[in-house]
């Protein structure tokens, strides 16, 4: 037993959004000014999709688990569809996420919030005229009111990079999601503004036919995957990082793009592991997970359990849009068994929480010891703080493991990433973790 865990310190994420930017060098040229800003990158703060809803900590985690279960199904559907060459259909993508970012589109800029998604590539928002659109908190973008809007031609490289497209009135796209939500429209280029940084000629989907209920928190998605149409690929910045705070509503989470995304070696140890490429799912950020330790016990998990198979199935991805971590069921069963052995508390069998392993806390308890939890990634042993894998609810008297089981793909979720700077370096094909007090970043 290694870490003391207070019942009052329930681990989850809740965030506010405030537009921030890096001050550029002074220049008399507006073009040079924007160019230098983009060279440095930019900083945007994030808010959780459940912030401002007057929910308890326990309610937030339960809502996140429900969304995470749906997202897991979508992600697995994507992989299975990619491995079935006989199945002709519109590409399935992950869809919703857990965090919103503020940005603006067009000239003059129109502000809106979009779901941030590291599990997909396409940037899209709803556009007028809209044959079918879901309700969104901000006005729907009208391309006719923007002087910088331009449709993409069918011969453009971004149109060619789409998994599926058609050519009529310019380049047309269709993306479907695992829950039958979809977005359809034309591909275009437009000026996007992040804080005070304006970036011209960003390719995006202008959706006039958008169906489903998975996007209503925002007005579209910003894809940060590894594919060519994602924001990070189009900016050609090579790296981005995020730092997700814990549950305090007053604290901000941060997305950093470009050179300012680098880790600072003076702030503590940096754990770096390779990013793995999956040809059938090139957008995902796959990691090489070699094993797991609970307490002082290295679990007897077979080497093949987390392996990325030749057909593209299996493997482990890191995903900001999934709340808890999902482990391949054979590994999760071993984790569950070891926790039960080391915790020495009664297991709750009510199934009321939506989580797969919960313990009944002793009456009157104010704190309880929990065993260490270490993820052994290739080249990086990540020792998690207790609040990053155990959550408690004093009203119900339960303490739960913030993880679940998966059949196939495993996912390293955002609860496990809280108060860490997570750097995605696409040029070096590495991912780095650094324990950080994210509200002070």
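Going from the start of the chain as shown, residues are counted 1 onward.
Every residue, even glycine, has its Cβ placed from backbone N, Cα and C.
Over in TrEMBL, the protein carries these features:
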SIGNAL    1-19  signal peptide
DOMAIN    99-434  domain 'Peptidase A1'
ACT_SITE  117  active site
ACT_SITE  319  active site
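Note: the Cα of residue 319 (active site) and the Cα of residue 117 (active site) are spaced 8 Å from each other.
Note on the domain 'Peptidase A1' (99-434): mean pLDDT across this stretch is 91. Every protein chain shown contributes to the tally, and the Cβ of residue 319 (active site) ends up with 27 other Cβ atoms within 10 Å.
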